[in-house]
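In what follows, a structure is listed as structure tokens, so that the remarks can point back to it.
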Amino acid sequence: MDLDIVDLSRLQFAITALYHFLFVPLTIGLSIIVAIMETVYVMTGRTIWRDMTKFWGVLFGINFAMGVATGVVMEFQFGMNWSYYSHYVGDIFGAPLAIEGLMAFFLEATFVGLFFFGWDRMSKRGHLIATWLVALGSNFSALWILIANGWMQNPVGAVFNPQTMRMEVNDFFAVLTNPVAQAKFVHTVSAGYVTAAIFVLGVSAWYLLKGRHVHLAKRSMTVAASFGLAASLSVVVLGDESGYLSSEHQKMKLASIEAMWDTEPAPAAFTAIGIPDRAARETHYAVHIPWVMGLIGTRSLTTEIPGINDLVKNTEGYIRNGIEAYDALQSIRAARSDAEIPPAAKTTFEDKGASLGYALLLMRYVDDPRKATDEQIRQAAMDTVPPVGPLFWTFRVMVALGMFFIVLTGTFFYLSARHRLDAYPWLLKVAVLAIPLPWIAAECGWIVAELGRQPWIIEGVLPTAMAVSNLGATTLLLTICGFILIYTVLFVIEMKLMLKAIRKGPEHESEPHLRFYEPMIEKLARAR
Amino acid sequence: MILHELISYDVLRVIWWLLLGILLVGFAVTDGFDLGAMALLRATARTDVERRVVINTVGPVWEGNQVWLILGGGAIFAAWPQLYAVSFSGFYLAMFAILVALILRPVAFKFRSKREEASWRNKWDWVLCISGIVPALIFGVAVGNVLLGVPFRFADDLRIYYDGTFFGLLTPFALLCGLVSLTMLVMHGAAWLVFKAEGDVAARAARFGSIAALLASVLFALAGVWIAMGISGYQITSPVNPVGPSNPLAKTAAVVQGAWMANFKAAPALWLLPVLGAVLPWIAAMGMRARREWLTLLASGLAIACIILTVGAAMFPMILPSSVDPRFSLTVWDSSSSHVTLFIMLVCTIIFLPIILAYTTWVYRVLRGKVDPVAIIKGETHSY
């Protein structure tokens with residue numbers, strides 16, 4: 001039954017996170033695009049730029065509401081479904097979340113009200129500042145959540161405290177400057193910019209194809225293409241940085257993405273495509289590109305990248321160290337005061353405490369890791385290989401799409417510079433069809449990052465299986481069904497409203513109703 | 001990191017306990033009127049324009065207000081990780097119900113006016129109304145259960161086990177607390193509507209609001225008497241080490257008759273909180289009848305603060321007592337984050353909270369004045 005709870009909890013988190021992540025990238029990117037458009041409006045005073053700001057702002061608003069609604073779920077879920085995780089790392093992981101609230105959420109949520117309701121109440125400049133603060137807030141929010149997530153991938157600046165049985169901060173600066181977190185932040189944020197750029201590009205292309213709102217569409221495309229080109233170039237460069245960092249901090253993730261079973265002599269080849277086979281521990285029909293992997297992973301031609309089989313063998317060693325650390329921990333905890341702690345236990349824990357998490361991997365098989373058999377240790381080591389096939393493929397889909405976005409935005413950037421945006425209708429059709437692709441790339445990216453970390457919820461520190469709340473399977477099933485139901489209904493409504501707003505376009509709508517309401521207005525005026 | 005020793009661990013723990021109170025009060029006072037106004041949506045507004053007036057009174061600000069809740073969650077996670085872990089997983093289905101309301105509310109605000117059909121708007125108005133009532137009720141029921149003690153326990157490695165059920169939360173006393181919470185937020189929502197709306201809407205709000213205020217006062221007093229007469233509190237029974245490691249297993253505690261009254265006996269000045277909590281709603285009710293807008297809003301906001309702080313004052317230093325075995329109870333002294341984290345988070349709060357308060361005040365200033373139904377009809381200011 002234990003296993004079921006873990007799987008159900010993971011399923012629930014995956015569903016809610018992937019769903020939340022449908023809205024976040026667009027919010028991050030669109031907030032900036034809208035702010036850029038309004039900046040042009042304030043600088044030039046041309047009303048078409050105000051119309052653009054308001055039109056894309058409506059789409060931003062629909063999307064923002066969904067982002068907020070699903071975001072609250074994410075924050076509460078840590079405590080609801082992952083209570084041991086919350087206890088074990090709340091001392092570190094909670095801080096970025098709280099700072100996210102202080103620094104980012106308050107900013108974007110307070111000023112988003114002014115963005116929608118403040119047009120007639122503020123100066124042009126005042127409103128522009130509010131718009132930029134919304135954009136700033138959305139982007140800060142990504143920064144802090146990725147500092148938190150980066151720590152799960154590369155837990156720095158924290159030590160295990162035997163007295164409180166949890167990880168505690170000892171160097172918060174290291175948590176902030178965690179290279180993995182920084183690389184993830186810029187990669188994810190640029191991916192958000194690309195998402196919004198392709199969205200604006202595609203919707204505008206549709207207007208051009210229909211011959212509607214041509215001026216507005218062309219200007220929007222120019223903004224989207226230039227912004228999108230810069231963003232898609234940086235998304236690839238920064239993604240590569242992310243890959244380089246995993247070779248340092250998450251070797252298993254990198255090897256699994258590559259489906260690299262055996263350590264190859266440096267520089268390793270990049271497997272372009274193939275069919276990874278976990279049982280046989282090999283990749284069938286692999287097409288190799290020599291040297292490329294070595295260059296991506298290590299930035300050199302001489303450094304080796306270890307394969308999965310060798311990493312598993314190393315892990316067995318870590319597990320044995322972890323068992324010793326676990327044993328020392330028990331004597332430390334049994335002591336009633338610091339003076340009573342056996343010195344041997346103290347030294348062992350100082351030496352090998354960092355491997356404690358590896359002993360916890362055995363808790364799936366035995367209650368006391370010290371009683372694990374050799375076979376169980378081998379099994380636990382083998383468990384540290386994440387699902388190779390899904391990682392291999394989602395990664396390749398993400399990268400291929402990333403390359404495509406450069407070509408697409410580059411093409412439209414060129415056309416825009418030559419004032420020939422509507423010269424090739426087939427290209428406009430491609431842009432329309434490309435609208436969903438950034439979402440596919442973003443979701444694949446999430447899967448690579450999070451599935452690639454399994455079986456760890458915090459790399460090398462806490463196994464996912466230990467982190468869950470002790471809930472009933474029925475309870476979990478009930479809430480999973482509840483989320484799926486609500487999310488599906490809302491998704492359908494959201495898509496309909498988006499399409500409706502896009503179909504309606506940026507026209508003013510209030511005038512025709514006025515005559516109908518006139519008697520009521522008079523009555524209200526008299527009442528006052 | 002040596003800077004953190006500027007403030008000793010026990011002081012930081014009390015500061016964070018106070019900040020937790022401030023965040024809860026901040027949430028209840030700001031998002032409270034959003035929830036309350038929406039709970040009253042269908043009662044105070046009959047026509048579509050009236051409904052939009054009510055919605056637009058909170059439209060531009062509810063999003064910022066709700067961040068108090070999100071920040072509260074984050075702050076509990078960061079400063080009281082064990083409280084976060086135990087309460088969120090223990091109250092699982094209740095939390096899920098709150099989440100459903102919090103998912104539907106933003107969506108309802110933004111989607112409601114995107115289509116003209118009456119049936120579409122009617123449905124979303126119901127959603128707004130229910131998602132105002134449900135969280136208000138559940139938060140109160142949760143507080144009631146915290147006062148009664150919650151059936152959780154820890155394993156030796158501090159893994160959490162919860163022995164209760166969802167329906168087990170619905171005891172008579174907890175339901176009474178839920179009603180206190182609901183009536184006080186409805187009072188506050190009405191005070192806000194009197195403040196921001198005019199004409200029929202404000203008149204109806206004053207009528208419903210003054211009834212809610214009187215009910216809130218009476219129910220709060222009733223809950224107080226119930227606690228004094230019939231509900232046992234929890235008390236630490238071993239020597240307290242306020243700078244000890246955050247491990248709730250290191251102490252012993254017991255259920256003691258009258259323990260929730262002990263702090264009031266020790267510091268009689270604390271009586272001010274419950275007394276004000278019971279008196280201020282009457283002032284709010286009178287203010288509503290007399291249309292003293294500022295007075296009403298202030299009185300109802302302060303009433304909420306006093307009611308929440310009364311609970312905190314009664315329980316200190318207990319935060320979340322365990323009814324399975326009192327020694328598992330979480331207290332101010334043994335369920336906080338580490339010294340370093342508390343200090344870092346305090347620095348962040350000192351930097352950002354004044355900034356947040358400053359720009360929030362500015363936004364409210366920009367949006368000051370009554371919501372104008374004529375402007376709504378002309379489509380000038382509505383964006384929902």
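Positions of Cβ are set from backbone N, Cα and C atoms, glycine also.
Computed from a predicted structure; not experimentally measured.
According to TrEMBL, the protein carries these features:
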TRANSMEM  A:20-43  transmembrane segment
TRANSMEM  A:55-73  transmembrane segment
TRANSMEM  A:93-117  transmembrane segment
TRANSMEM  A:129-152  transmembrane segment
TRANSMEM  A:185-209  transmembrane segment
TRANSMEM  A:221-239  transmembrane segment
TRANSMEM  A:391-415  transmembrane segment
TRANSMEM  A:427-449  transmembrane segment
TRANSMEM  A:469-493  transmembrane segment
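Only pairs six or more apart in sequence are counted, and the transmembrane segment (A:129-152) with the transmembrane segment (A:20-43) gives three or more Cβ pairs under 8 Å, enough to call it a contact.
Note: the stretches the transmembrane segment (A:221-239) and the transmembrane segment (A:93-117) are not in contact (fewer than 3 CB pairs below 8 A, sequence gap of 6 or more).
For the transmembrane segment (A:427-449), the partner stretch with the most Cβ pairs below 8 Å, chosen from A:20-43, A:55-73, A:185-209, A:469-493, is A:185-209. Most Cβ pairs under 8 Å to the transmembrane segment (A:20-43), among the stretches A:55-73, A:185-209, A:391-415, belong to A:185-209.
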